[in-house]
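Peer 1: Marked as transmembrane segment by TrEMBL: B:27-43, B:49-69, B:76-95, B:101-123, B:130-149, B:179-196, B:233-254, B:266-293, B:313-331.
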Amino acid sequence: MGFFLETLFGGLMAGMLYSLIALGFVLIYKASGVFNFAQGAMVLFAALAMARFAEWFPKWFGFESLLLANLLAFIAAMALMVVLAWAIERLCLSKLVNQEGITLLMATLGIAYFLDGFGQTLFGSDIYSINVGMPKDPAFILEGMFEGGVMVSKEDLVAAVIAALLVVVLALFFQKTKTGRALRAVADDHQAAQSIGIPLNKIWVIVWSVAGFAALIAGIIWGSKLGVQFTLSLVALKALPVVILGGLTSVPGAIIGGLIIGVGEKLSEIYIGPMLGGGIEIWFAYVLALGFLLVRPQGLFGEKIIDRV
Amino acid sequence: MLYRENGQFKTSYAADQQIFPILQDRWAIGLLLLAAFVAMPMLGSEYFFRAILIPFLILALAALGLNILVGYCGQISLGTGAFMAVGAYAAYNFMVRIDGMPLIGAMLLGGLSATVIGVLFGIPSLRIKGLYLAVATLAAQFFTDWAFLRIGWFTNNSTSGSVSVGNLSVFGIALDSPVSKYLFCLSVVCVFALMAKNLTRSAIGRQWMAIRDMDVAAAVIGIRPVYAKLTAFAVSSFIVGVAGVLWAFVHLGAWEPAAFSIDRSFQLLFMVIIGGLGSISGAFLGAAFMVLLPVVLDQMPHWLGIPISTATVSHLVHMIFGALIVFFLIVEPHGLAKLWSVGKQKMRLWPFPH
């Protein structure tokens with residue numbers, strides 16, 4: 001039982017990271033109807049920027065403080081993501097208005113490729129670490145209930161708190177601010193929003209920046225846990241089954257879908273994996289999503305897809 | 001002046017509907033084939049065959065298959081690598097397990113196996129589109145990656161996980177030199193290109209295009225979406241599977257699942273986009289572009305005398321491809337093939353464009 005719970009926690013933590021990536025995906029889809037394939041590349045790019053800036057700034061400006069370095073790196077990386085959002089909107093999306101979804105999907109695939117190459121040219125392609133002072137030692141909980149308790153890493157707990165905070169902040173931003181209201185209006189109906197004077201282009205820059213922010217947070221959490229490297233970009237492809245499962249248009253769906261995928265992956269690897277020869281983690285999420293697509297294409301929480309003739 | 005169809009009168013429907021209705025085009029394609037079949041084997045060096053021509057031909061064939069699905073039928077696929085892998089491993093098993101299986105037989109059976117898997121993963125396309133379908137085909141990609149790595153039966157329980165074939169021969173002619181391999185690939189590609197061209201000109205090709213342009217309207221005028229989509233998946237994965245067999249048997253010789261990873265799928269999709277969605281010549285142009293660009297970029301620093309590491313070159317290639325994809329999607333969604341046909345159109349009127 002203790003082992004089962006540990007696996008469960010491990011799965012929840014992995015799932016949370018998928019959720020964070022999926023979140024950026026859902027934000028962009030809701031606001032602009034673009035399937036953003038580049039979210040994974042954005043996570044990699046943001047994490048690379050964060051790791052390298054934190055390494056470079058102390059050298060350039062001659063200070064020692066880790067906190068200051070991280071803070072400055074965070075601001076710089078965020079600024080970079082905003083610039084990126086602006087560039088993507090200006091150079092790519094604004095030229096592709098009114099194109100079919102499949103064209104936009106392929107365009108974001110191009111952006112993903114570009115970002116992969118660009119990030120590694122700028123920041124180098126080794127494995128970098130992000131040290132934001134996360135606690136690394138394990139903690140034991142529920143010791144009263146089982147022999148030896150259940151081991152969870154404190155780092156994971158901190159990460160979970162940060163992720164929850166991020167969701168709360170985003171929810172507040174969307175519900176309480178004027179910009180958030182404009183974003184929701186655009187998500188509901190582009191043309192209606194435009195007709196009452198909401199500038200679409202500006203909204204898209206904002207929403208891509210917010211997705212960049214989510215990517216940065218995901219990149220930092222992932223990077224401080226496992227190091228920043230190219231595979232991050234591929235792992236982020238897991239966000240696709242997550243959004244399929246949760247529903248493309250639903251923020252809670254992204255969170256819950258991520259957790260389901262994370263837990264399902266870990267549990268199936270432990271309990272079904274040995275029967276099939278192991279390593280089923282790499283396809284479990286996709287096949288689960290495929291099965292889901294056949295039964296319920298709109299996902300758990302998505303809006304029903306209605307095609308008009 | 002040279003490229004003009006004045007005076008070429010068609011007196012029968014057959015003459016009007018042939019693939020190359022203009023005399024100069026027929027001459028050009030004839031010369032091209034002559035050069036490819038006769039001049040190339042005499043002139044090319046071994047490196048040229050091995051590193052450029054053979055990969056180009058095989059990838060062009062795979063891109064051709066993918067183009068039928070993406071360009072003609074409008075169904076996006078990120079699992080091309082998987083279908084290539086299915087073709088390659090199936091053909092390998094037919095070769096190993098059946099005595100005296102000829103190469104061409106194994107190749108066609110490999111293609112048929114890829115067809116079966118392709119149709120299987122194409123079934124979701126009846127209900128879903130766009131991104132959803134992309135995820136379904138991604139499932140195919142990751143699942144086959146895993147299956148060929150972990151299930152020993154497919155690799156004939158090879159301990160290293162990699163399999164190899166040797167002593168290929170076709171009709172008693174051994175495929176041991178680069179030239180003979182090149183000629184074999186070229187013949188296969190020519191046959192399939194002709195077949196694909198004719199398919200896309202026929203009723204079924206027009207059904208695919210109707211589905212691509214608007215599926216509801218196509219259904220209204222009596223095209224069965226199920227039939228059209230699944231045949232597109234079948235034909236596409238058959239060609240892709242055959243390309244997979246060639247890639248594994250002729251180009252690589254010994255291979256492991258990593259040869260057909262998701263990067264291969266993306267590479268082929270990019271070829272189709274850059275070359276031209278919905279055109280046969282586009283597959284060739286795109287493949288030529290994608291094969292040549294890394295080679296040129298690799299050589300460029302030597303010519304210019306600037307030292308660039310190989311890692312940087314591979315990142316630059318990533319960046320250039322990414323930027324080009326976006327560029328083509330914005331500026332010319334029909335890719336290099338469209339530029340080519342625009343150029344031809346201009347030629348017809350030159351030098352009096354009015």
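Glycine is treated like the rest: Cβ placed from N, Cα and C.
Unlike curated records, TrEMBL annotations are generated automatically.
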Peer 1: Hey, which of B:49-69, B:101-123, B:130-149, B:266-293 has the most Cβ-Cβ pairs under 8 Å against the transmembrane segment (B:76-95)?
Peer 2: B:101-123
Peer 1: Who are the chain neighbours of the transmembrane segment (B:266-293) in space, where the CB to CB distance is under 8 Å and they lie at least 6 residues beyond its ends?
Peer 2: 52, 55-56, 59-64, 66-67, 70-72, 76-78, 80-81, 193, 196-197, 200, 209, 212, 317, 320-321, 324-325, 328-329, 333-338, 340
Peer 1: Would you say the transmembrane segment (B:179-196) and the transmembrane segment (B:233-254) are touching, if the rule is that at least three C-beta pairs must lie under 8 angstroms and be 6 or more residues apart?
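Peer 2: Checked: the transmembrane segment (B:233-254) vs the transmembrane segment (B:179-196), in contact.
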Peer 1: Apart from its near flanks, which chain residues at least 6 from the ends of the transmembrane segment (B:313-331) lie with a Cβ under 8 angstroms of it?
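Peer 2: That would be 270, 273-274, 290, 293-294, 297-298, 301.
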Peer 1: Counting Cβ pairs under 8 Å that sit 6 or more residues apart, are there three or more between the transmembrane segment (B:130-149) and the transmembrane segment (B:179-196)?
Peer 2: no
Peer 1: Can you tell me which parts of the same chain pack against the transmembrane segment (B:27-43), counting only residues 6+ beyond its ends and a CB-CB cutoff under 8 A?
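Peer 2: Tertiary neighbours of the transmembrane segment (B:27-43) are 20, 53, 179, 182-183, 186, 190.
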Peer 1: Can you name the far-off residues of the same chain, 6+ from the ends of the transmembrane segment (B:179-196), with a Cβ under 8 Å from a Cβ of it?
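Peer 2: For the transmembrane segment (B:179-196), the nonlocal Cβ contacts are 33, 36-37, 40-41, 44, 49, 53-54, 57-58, 60-61, 64-65, 68, 107, 170, 173, 235, 239, 242, 246, 250-251, 280, 284.
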